[in-house]
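What follows is one structure encoded as C-alpha cells, with my remarks underneath.
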Amino acid sequence: MLGFVGRVAAAPASGALRRLTPSASLPPAQLLLRAAPTAVHPVRDYAAQTSPSPKAGAATGRIVAVIGAVVDVQFDEGLPPILNALEVQGRETRLVLEVAQHLGESTVRTIAMDGTEGLVRGQKVLDSGAPIKIPVGPETLGRIMNVIGEPIDERGPIKTKQFAPIHAEAPEFMEMSVEQEILVTGIKVVDLLAPYAKGGKIGLFGGAGVGKTVLIMELINNVAKAHGGYSVFAGVGERTREGNDLYHEMIESGVINLKDATSKVALVYGQMNEPPGARARVALTGLTVAEYFRDQEGQDVLLFIDNIFRFTQAGSEVSALLGRIPSAVGYQPTLATDMGTMQERITTTKKGSITSVQAIYVPADDLTDPAPATTFAHLDATTVLSRAIAELGIYPAVDPLDSTSRIMDPNIVGSEHYDVARGVQKILQDYKSLQDIIAILGMDELSEEDKLTVSRARKIQRFLSQPFQVAEVFTGHMGKLVPLKETIKGFQQILAGEYDHLPEQAFYMVGPIEEAVAKADKLAEEHSS
C-alpha cells in the first residue's frame, strides 16, 4: 500500500491525478458542494424488483483513480446519482462500488464493497441504475450472505425472485404502531429489571470480553424456541471465527436446518477483514431482509446487530477516505445522521414489528465516547454488561443498577412486576452504599438490619446469574429459560425473607427459585456427609 502511495507521488501529474487535488480542477464555489444530496428513495414495491445486474444500455464509465477503498470513476454521459451501485467489468469476482460524491468533470467518487486489489485505471464500470439490491424473502432463512446479497455459505445461489434496495425511507407516521408489549426473553435479569419492548431498540453495552455475543446467541436461541419468530443476524465488523462458530452452533441447536425450509434465522456478514464500505453498509443489508418479513409477511422480527460500534467505526473510515473534516474524537461529522437514518427504519408498523438488539462495544469502557453516546438517544432499553460483575463470576454480567428500560412502568408491566423490580434495585443499591463500610470496618460493625440487607442482596446478586443453553459446553451447567411469572415470584420471595435460611451459593447459576431450594438441600447433604 505504501509502495502504491509512493508510485502515485512520483508519477507525473496527469489529468486523472490532478482531479484528486480539488483545487486543481474545481473553482472555490464548487468546492463547498462536493457531496451531492442523498437521493430520495420511493416506497418499496417488492413484486417489481428484478435481479440486481446492470441493464443493457446502462451508463458506462472508466476508473481514473484508486486510493485504497475509494475509487474515482469518470462518465462521459449519464452521471449516476448518489448511492447508486456501479459494477466493475472484466473481473472474476463481482466488485460493486457505491457512489458517495460528485467531484465535477463528470467524475464520481465511490466506496468499494470489496477489496480493490488488481483494479487498474481505464477499467470499464457499468451503472446498475439503482442502489445495491439484495435478495429478500423466506429463501434467505438459513443462509449467509454478504453486503451485496451474494451467498457465502457455499450452498449455491439464493433462489428468490424478490430483490430490494438496501437504502429506503423510514415508515410514515401513519403506518407506525404505538402499542406497548413486553418481549419475554427467558433471561431473569433482563425480564425483571430492564424488560425489552416488542418492536423496540435495545443496546447491549460492554467492553471487550464481558459476554455481549454470548447474550445475543442466547436471545436468538430463546426467541426461536419460545416464540417461533424469525431473526436476522447482521455481523458488522466482528471476528470471522465468531461468525463461523455462531453458524455451526445454530445448526447444532436446530435454529438453522440444512435439510428443509424450517430455519428461523438469516445471517448477513461483513466481518473485520472486509473493507470499510462493506462494514458501513452490511447493517442496512440485514435491516432490508428484516423489513421484508415485517412489511410483506406481517412478522414480528428480531434484528441482531453485532456490533453497532463497528458500523460507526466503518463510517468514520469511509468519511476520512472521502476527505471530510473529522469531528469530536476523530469521528465523522455525519455521525448522528448516519445513525439516525438507519435506526429510524427499525420500528413497529401496523403490519408487524422489528425488535432490534444491538451489541455496542464501548471504547475503553467510556460511555461518554461519541459512538455509544449517539446510539443511546435511539434506544428503548439498555442492558449494560459490567466487568466488575463478570469478575465475580456472575453471568450474564448485566449491571442491575445501570440497565434501564422505557417500559419499566406499572401501567405497562403491572404493579407487581414494577414493585419487585424496584425492591431488588433498592436492596442492591443499599448493599453498594454499605460496601465501603464493610471494606474498612468489616461486617461485624453493621447493625442487624444492615446485615440482613447485605445477606439478601448477595443472594439476589447470585440469583440474577443464569446458565445459558448456548454456553452449556463451556460451563457444564444445563441452560435454563425462565418464564416471567417464575422470575417475579422468585425475587419476591427472596425480598420477603422466605429464603434467609438458605446459603447464598445455592442461588448461583440456577433457573427458577425451586432449583435454588433443591441445590441448598443437595449442598446440606454434601456438607453433612
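Every residue, even glycine, has its Cβ placed from backbone N, Cα and C.
According to Swiss-Prot:
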{"type": "CARBOHYD", "residues": "Ser106", "note": "O-linked glycosylation site"}
{"type": "MOD_RES", "residues": "Lys124", "note": "N6-succinyllysine"}
{"type": "MOD_RES", "residues": "Lys133", "note": "N6-acetyllysine"}
{"type": "MOD_RES", "residues": "Lys161", "note": "N6-acetyllysine"}
{"type": "MOD_RES", "residues": "Lys198", "note": "N6-acetyllysine"}
{"type": "BINDING", "residues": "Gly209, Gly211, Lys212, Thr213, Val214, Arg239", "note": "ATP binding site"}
{"type": "BINDING", "residues": "Gly209, Val210, Gly211, Lys212, Thr213", "note": "phosphate binding site"}
{"type": "BINDING", "residues": "Gly209, Val210, Gly211, Lys212, Thr213, Val214", "note": "ADP binding site"}
{"type": "BINDING", "residues": "Thr213", "note": "Mg(2+) 1 binding site"}
{"type": "MOD_RES", "residues": "Lys259", "note": "N6-acetyllysine"}
{"type": "MOD_RES", "residues": "Lys264", "note": "N6-acetyllysine"}
{"type": "MOD_RES", "residues": "Lys264", "note": "N6-succinyllysine"}
{"type": "MOD_RES", "residues": "Thr312", "note": "phosphothreonine"}
{"type": "MOD_RES", "residues": "Lys426", "note": "N6-acetyllysine"}
{"type": "MOD_RES", "residues": "Ser433", "note": "phosphoserine"}
{"type": "MOD_RES", "residues": "Lys480", "note": "N6-acetyllysine"}
{"type": "MOD_RES", "residues": "Lys522", "note": "N6-acetyllysine"}
For the ATP site built from Gly209, Gly211, Lys212, Thr213, Val214, Arg239, further residues of that chain with CB within 8 A of the site's CB center: Val210, Leu215, Ile216, Glu242, Ala359
Residue, out of the binding-site residues Gly209, Gly211, whose Cβ gathers the largest set of other Cβ atoms within 10 Å: Gly211
Residue from Lys264, Thr312, Lys426, Ser433 whose C-alpha is spatially nearest that of Gly211 (ATP binding site), among the modified residues: Thr312
Fewest other Cβ within 10 angstroms of its own Cβ, chosen from the recorded positions Ser106, Thr312: Ser106
Cα-nearest neighbour of Val214 (ATP binding site) within the listed modified residues, Lys124, Lys161, Lys426, Lys480: Lys480
Distance in Å spanning the most remote Cα pair of Gly209, Gly211, Lys212, Thr213, Val214, Arg239, given for ATP: 14
Sparsest-packed among the modified residues, when each Cβ's other Cβ atoms within 10 Å are tallied, from Lys198, Lys264, Lys426: Lys426
Sparsest Cβ surroundings (other CB atoms within 10 Å) among the recorded positions Lys212, Lys259, Lys522: Lys259
Residue, out of the recorded positions Lys124, Lys133, Arg239, Lys480, whose Cβ gathers the largest set of other Cβ atoms within 10 Å: Lys133
Most Cβ neighbours inside 10 Å, all chains, among the recorded positions Lys161, Thr213, Val214, Ser433: Thr213
Residue among recorded positions Lys212, Lys259, Lys522 with Cα closest to the Cα of Lys426 (N6-acetyllysine): Lys212
Cβ neighbours of Val210 (phosphate binding site) where a neighbour is any other Cβ within 10 Å: 25
Minimum Cα separation from the residue listed as 'O-linked glycosylation site', reported as the residue among recorded positions Lys133, Lys212, Thr312 that achieves it: Lys133
Alpha-carbon spacing, Ser433 (phosphoserine) to Val210 (phosphate binding site), which is rounded to whole Å: 24
Cα separation, Val210 (phosphate binding site) to Lys522 (N6-acetyllysine) (Å, whole number): 30
